[in-house]
């Protein structure tokens, strides 16, 4: 299994390290030539979603990534990655717009508004969640499954091959979310 991690900004190295701990081969996606071979899965990490969207266009990655996702390549978007995948952005324009959710950028405030929470994920036990200038999911489409909520707010969801998280699972020690994604790729959950 090979997972491509968008490596333009954000905590992409932490995602790579987490996957390597799980014995998964990874590669960095920095330009179109990095996608000559179709990956088994994609990770769109955190960062600044407006800048990332512009870089995707400038580097010629936008259409290729969108096409891979729309044709079924599993993708996990964390924080800014969630914003890139959201079909609707309150007060803004969507980017890739492949997942039937509505999101609000930086819903939890500035960097000082960062926090940690513990909540059940995907029907499993509690996991630690790190929120850094996190987006909020305010609406999910009829085919979207809510996987986690904190204080009644959706912070993780899945629609078919797309998994989005408001938080940063790569910044903790728990591998559960990445394992969930790998099982999603393997078709076992």
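Including glycine, each Cβ sits where the backbone N, Cα and C put it.
Residues or ranges marked as active site, nucleophile in Swiss-Prot: 79. A sphere of 10 angstroms centred on the C-beta of residue 79 (active site, nucleophile) encloses 29 other C-beta atoms. Classification of residue 79 (active site, nucleophile) by DSSP places it in coil, neither helical nor stranded.
If you look up Swiss-Prot, you'll see 168 (among others) marked as active site, charge relay system, on the strength of sequence analysis. Of all the Cβ atoms in the protein chains shown, 23 others lie within 10 Å of the Cβ of residue 168 (active site, charge relay system).
In the three-state DSSP classification, residue 170 (active site, charge relay system) falls within a helix. Residues annotated as active site, charge relay system in Swiss-Prot: 170 (among others).
If you look up Swiss-Prot, you'll see 47, 48, 49, 105, 132, 133 marked as L-glutamine binding site, on the strength of sequence analysis. The Cβ neighbour count for residue 47 (L-glutamine binding site), using a 10 Å radius over every protein chain in view, is 21.
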Problem set entry | C-alpha spacing of residue 79 (active site, nucleophile) relative to residue 133 (L-glutamine binding site), in angstrom | 8
Exercise. Want to know which active-site residues, from 79, 168, 170, are within 10 Å of residue 49 (L-glutamine binding site) at Cα; which are they?
Worked result: 79
Problem set entry | Between residue 170 (active site, charge relay system) and residue 48 (L-glutamine binding site): CA-CA distance (Å) | 17
Seminar exercise, completed: Residues near residue 170 (active site, charge relay system) by Cβ (under 8 Å) yet at least 6 apart in sequence within the same chain, in sequence order, are 11, 14, 15, 17, 18, 45, 78, 178
